[in-house]
Amino acid sequence: MAATALSRVHSSSAGYGSVESPPTSPLLPARPRRDSSEYLFKFLVLAQVFMYLEAGAVPSLLQQFTLTFRLSPQEQGLLGAIVYISISLASPWCSTLFRRFDPRQLLGVSLVVNNLAVLGLACTPTTAWYSKSLLISLRGFVGLTQAFSCVYSPLWVHDYAPKAKRGTWMSYLQGAVPVGITLGYFAGSVTIWLASEGPEAAATSLHRVVTALSKAGLGINANTDLVDGADDVSMRLCHGIYCWRWPFLTQFALILPLSILIFFVPREHIRLRATRRRSIVIVDADEDEDTSVEQSMPTTNGDENVLISHARGSNMSDGYSFRSLVSHELEETTSRWSNLWLLLQHKVYVFIVMGLSGLFFVVAGVQFWTTLYLETNTEDSMYEIHLSYLLVSGTGPIMGVFFGGWLIDQFGGYSGPYHQMQALRVCMVLGGASCLAALPVSYVHNTFYIAMFLWLMLFCGGSILPACSGIVISAAPPRLRPLASSVAYASYNLFG
């Protein structure tokens, strides 16, 4: 038994994931092989795509919501912002919940509640006195429940992705978000076309709404122009219900099987190494070579003696359990603010989070204001503008994310300080190219050229996401990684 413990300690020098066979000691749980968990990666990607359908459907259906619920400009803004506010509020608590409760149960419950909120969004009454408040509140619940999956997924990929494919896996995960938003936007656009009997009627109706919104921004009869200029086109029924409800009903049907299947995933495939007890984290930390904190903890004779003593006879098991329990309790009672302060001492983590927050700030502005900007600064039709925006937002960031993941893997990934430095240099070049592509947008007045520069900006910006998202996780100590993911995601939504 002592030889087994010693061989496990010395084998850690071979690198992350080098130990293929499970340990023979009953005190150390067997880690599943990564190839046996690939199905869960596909599950997480699909869940990300389906959950973000509403994020694209709501902006494209804003006209329908405005006419159906008689929303004021302030209520329209709150409907769009409430989901980001909710995610920012929920994300900091996700790390604590993942440490205290079973990740499988948390993910399952969050998917169920998220799906029920989407169903409620689709079935919101339109004539009741509480309709507006209910609509906005339900979208807030959608954001609260999205936070759990968004915080957990990068952590799982960092733990279970093959070392040579971490960048690629992270790119698929990050690419799932714009894919879902684009599909939702497309579904909303199709709904508008069906309700308006063709794209020309939709463009005419949308032009009236944009004109009214422009006047509202100047304080000229905001609600009156918007309601009086509308007809019953947007209130038409598709198979007996309002057409704008169908994208959300489709999302409910897609997420329903996922919210059931998650409860049948084996616990050993879904748990995070960073949330295990301290005695187990030490063993796993020796296997993970991509964290500088872990590399600063070399294997010493004292560590070997600890492992050997843990692997001895059953007469030591009670003392081992007691020490593990005490260590676990001390870790749980550590101040959350102390952990946050410790996390903020890692400059690489802080600078990357700040940079990605700025990136998402630009993306959010492009998502919400591009259509109105093109309508007021170009002479092209609304149909051409919507089609251009759909192509740009649907291809630029997605292709950029996949390209960035592939490119980082060609440079060796982001495991270890040297490869992290190489990856950050590549990201710096891509980020600079994205900034340069954004400069001409404000100086040209042609939809084609604006779309071209926006595509380049989104492509280069999306290319830095896989590496930076992975380094955000790996730059933090193992026990702080859930907190690191939570704080990062809260920053993305609050400041971005």
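Backbone N, Cα and C atoms are what each Cβ position is placed from, and that goes for glycine too.
Just so you know, TrEMBL annotations never went through curation; they're auto-generated.
Residues or ranges marked as domain 'Major facilitator superfamily (MFS) profile' in TrEMBL: 40-496.
What TrEMBL records for 1-30 is region 'Disordered'.
Taken from TrEMBL, the feature transmembrane segment covers 39-57 (among others).
The transmembrane segment feature in TrEMBL is assigned to 77-94 (among others). Non-local neighbours of the transmembrane segment (77-94) in the same chain are 55, 58-59, 62, 65, 71, 135-136, 139-148, 150-152, 364, 368, 482, 485-487, 489-490, 493-494; each lies 6+ residues outside the stretch with a CB under 8 Å from one of its CB atoms.
A Cβ distance under 8 Å defines the sequence-distant neighbours of the transmembrane segment (106-130), meaning residues of its chain 6+ beyond its ends; these are 47, 51, 54, 68-69, 97-98, 138-139, 141-142, 145-149, 152, 242, 245-246, 248-249, 251-252, 255-256, 258-259, 262-263, 270. The transmembrane segment feature in TrEMBL is assigned to 106-130 (among others).
Residues or ranges marked as transmembrane segment by TrEMBL: 136-157 (among others). Within the same chain, residues 40-41, 44, 47-48, 51-52, 54, 58, 75, 78-79, 82-87, 89-91, 94-95, 97-98, 103, 106-107, 110-111, 113-114, 117-118, 120-121, 124, 166, 169-170, 173, 270, 272, 274, 469-470, 472-473, 481-482, 485-486, 489 sit at least 6 positions outside the transmembrane segment (136-157) and bring their C-beta atoms closer than 8 Å to a C-beta of that stretch.
Per TrEMBL, the feature transmembrane segment maps to 169-195 (among others). Sequence-distant contacts of the transmembrane segment (169-195) (same chain, at least 6 residues past either end, Cβ-Cβ under 8 Å): 41, 44-46, 48-61, 63-64, 153-154, 157-158, 161-162, 202, 205-206, 233-234, 236, 238, 243-244, 246-247, 250-251, 367, 386, 390, 393-394, 397-398, 401-402, 404-406, 462, 465-467, 469-470.
Tertiary neighbourhood of the transmembrane segment (244-266): same-chain residues 32, 40, 43, 46-47, 50-51, 53-54, 57, 61, 64-65, 68, 104-105, 107-108, 111-112, 114-115, 118-119, 121-123, 184, 187-188, 191, 195, 234, 238, selected by CB-CB distance under 8 Å and a gap of 6+ residues from either end. Among the features that TrEMBL reports, transmembrane segment is placed at 244-266 (among others).
The transmembrane segment annotation in TrEMBL covers 348-369 (among others).
Residues 164-172, 174-175, 178-179, 181-182, 185-186, 189, 363, 366-367, 370-371, 374, 419, 422-423, 426, 430, 451, 454-467 of the same chain lie 6 or more positions beyond the ends of the transmembrane segment (389-411) yet place their CB under 8 Å from a CB of it. Feature annotation from TrEMBL assigns transmembrane segment to 389-411 (among others).
Sequence-distant contacts of the transmembrane segment (423-443) (same chain, six or more residues past either end, CB-CB distance under 8 Å): 167, 348, 355, 359, 362, 404, 407-408, 411, 413-414, 449-450, 453-454, 456-461, 463-464, 467-468, 471. TrEMBL lists 423-443 (among others) with the feature transmembrane segment.
Under 8 Å from some Cβ of the transmembrane segment (449-473) lie the Cβ atoms of residues 154-155, 157-158, 166-168, 170-171, 173-175, 178, 348-349, 352-353, 355-356, 359, 362-363, 366, 370, 374, 378, 388-389, 391-393, 395-401, 403-405, 407-408, 414, 420, 423-424, 426-427, 430-431, 433-434, 437-438, 440-441, 481, 484-485, 488, all in the same chain and six or more residues away from its ends. Summarising the annotation, TrEMBL assigns transmembrane segment to 449-473 (among others).
Restricting the average to the domain 'Major facilitator superfamily (MFS) profile' (40-496) gives a pLDDT of 77.
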